[in-house]
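TrEMBL has this to say about the protein:
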- 65-264: domain 'ABC transmembrane type-1' (DOMAIN)
- 12-33: transmembrane segment (TRANSMEM)
- 70-91: transmembrane segment (TRANSMEM)
- 103-122: transmembrane segment (TRANSMEM)
- 134-160: transmembrane segment (TRANSMEM)
- 181-205: transmembrane segment (TRANSMEM)
- 244-263: transmembrane segment (TRANSMEM)
Amino acid sequence: MIFESKKYKGLLFILPSLIGFGILYVIPFFGGIKYSVSKSSFNSTFVAFNNYTDVFKNNAFKIALKNTCFFMIISIPVLIVISFVIALMIYELKAPKIVKLSIMLPIAVPSGTVVGFFKKVFGFNGFNLIDSEYAMLVVILIFIWKNTGYNLIIYLAGLSQMDKEVIEASMIDGANYFQRLQYIIIPLFTPINVFVAIVTIINSFKIFKDIYMLQGSYPNPKIYMLQHYINNKFNDLQYEKLTSSAYIFSLMIFVVVFLLFILDKKHAKRVGGN
């Protein structure tokens, strides 16, 4: 029978997940297009791209877009660099397991506990940065502290699989550590860096939950993110604005991830050509 082959048995195993993904994500994603080109949630009159232009003209959206872009541009590269450097230090120094566990511990700590700690340190009774113009710094610190462990696991796995013969050959040729890092380790890690970047982008979406626990739906304007804007439009039943802004946000992320894949493919071709 057709379902007796290994190929179709594998498909049967993932079928429930595919059905769930389709019902919970794919159908709502494409179904939302109707709202984004309608006059309102209760009036299906076709208005083309008017909702999109209205969203771009909205001051709250502009603030949210600026803050979100600033957060991602600063926090994602910083987190990747910090994770990579720590992974190299642990690998080269053969750090004990307790060091690895201490860095990975934030993964297991509930968000409420993390936010409560940072709120106590940087809130009104602490350094009082959450209500200041430096509130974004607190958010970036929370993000880095919570997510370094995720990236560390990936980098340590990559380092453990690295071809040691190549490193040893470069050492025999007289290359110092920084030369090995620049010309061997970092180029070899380009595919892993692309994967880590995508994972970090996905994890960056979760920062909304932490900011929401810090200051609710309408936080300090310095940390008002696109997810706040989308969430508030949902609460106001303005689904046309919600879907329009969500599609704009999705397009931005798609472009960034697409560029990362292009970078990875170019690197693979260059390595393959050599």
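Easy rule for this one: first residue shown is 1, then count along the chain.
Including glycine, each Cβ sits where the backbone N, Cα and C put it.
TrEMBL annotations: computationally assigned, not manually curated.
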Let me spell it out: take the transmembrane segment (103-122), skip the flanking residues so only those 6+ beyond its ends count, and list any with a Cβ under 8 Å from a Cβ in it.
86, 128-130, 138, 141-142, 145-150, 152-153, 209-210, 213-214
Is the number of Cβ-Cβ pairs under 8 Å between the transmembrane segment (181-205) and the transmembrane segment (12-33) three or more, considering only pairs separated by 6 or more positions?
no
Sequence-remote partners of the transmembrane segment (244-263) [C-beta within less than 8 Å, at least six residues beyond its ends]
32-33, 36, 51-52, 54-56, 61, 68, 190, 194, 197-198, 201, 226, 229-230, 233
